[in-house]
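Colleague: First, the structure itself, so that you have it in front of you.
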Amino acid sequence: MGLEEKLPSGFLLTTVEQAVGLIRKSSMWPATFGLACCAIEMMSVGGPRYDIARFGMERFSATPRQADLMIVAGRVSQKMAPVLRQIYDQMSEPKWVIAMGVCASSGGMFNNYAIVQGVDHVVPVDMYLPGCPPRPEMLMDAVLKLHDKVQNTKLGAHREHEIEEEERRRLRTLPLVEQTEGAAS
Ligand code: SF4
């Protein structure tokens, strides 16, 4: 018995945006970007116990050109920041970023000159994940919430959001006087 015999007869109606959203969220390929202890928890979601393959994500991509999700798992050192940005730039559009754990989200307990105080200083972040380290279940919960976001994103809107993020980041790095002028204009 073929699949077509089990489908209801008639029409299935949807919008192009909904169909594209379904395709995008069902075939996300994460880039490997494990930086510290959080990466161990990230790796475990690929194993049989948590089995992230259920969501079409079993393939962690070694090349950023075939990845559309960056999971930043661990603290980002100042020296690593340009590398992270380069990998992000090499990923194909549209792309998303999860900051996994307090270190990636805000620097965490590493409030010092060597660590970037939140990866959103370097790339736009779509989802922040608390915890030190977050459990694999938390990462999977963040992934599913991101799937909902992807499903409901209008075509082209993700890029607009990214441009806004870029502008906010640029303003953050300017001296205070210039920031005030930039925000006023
Ligand atoms: S949040 Fe905790 S577990 Fe994750 S990288 Fe930082 S110190 Fe390690």
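Easy rule for this one: first residue shown is 1, then count along the chain.
Glycine is no exception: its Cβ is also placed from the backbone N, Cα and C atoms.
Heads up, TrEMBL stuff is auto-annotated, nobody curated it.
Straight from TrEMBL, here's the annotation block:
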{"type": "DOMAIN", "residues": "37-146", "note": "domain 'NADH:ubiquinone oxidoreductase-like 20kDa subunit'"}
{"type": "BINDING", "residues": "CYS37, CYS38, CYS103, CYS132", "note": "[4Fe-4S] cluster binding site"}
{"type": "COMPBIAS", "residues": "155-169", "note": "compositional bias 'Basic and acidic residues'"}
{"type": "REGION", "residues": "155-185", "note": "region 'Disordered'"}
Colleague: Residue counts in helix (H, G, I), strand (E, B) and coil for the domain 'NADH:ubiquinone oxidoreductase-like 20kDa subunit' (37-146), per DSSP?
Modeller: 44 helix, 16 strand, 50 coil
Colleague: Return the single residue from the binding-site residues list (CYS38, CYS103, CYS132) that has the minimum number of other CB atoms within 10 Å.
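Modeller: With the binding-site residues CYS38, CYS103, CYS132, fewest surrounding Cβ atoms within 10 Å: CYS132.
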Colleague: Which residues, in sequence order, are found in the same chain with Cβ within 8 Å of the centroid defined by the Cβ atoms of CYS37, CYS38, CYS103, CYS132 at the [4Fe-4S] cluster site, excluding those residues themselves?
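Modeller: Filtered neighbour residues, in order: ALA36, ALA73, GLY74, ARG75, MET100, GLY101, VAL102, ALA104, GLY108, GLY131, PRO133.
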Colleague: I want to check the contact list for CYS37 ([4Fe-4S] cluster binding site): same chain, sequence separation of six or more, C-beta distance under 8 angstroms. What comes out?
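Modeller: Once residues fewer than 6 apart are set aside, CYS37 ([4Fe-4S] cluster binding site) is near GLY74, PRO133.
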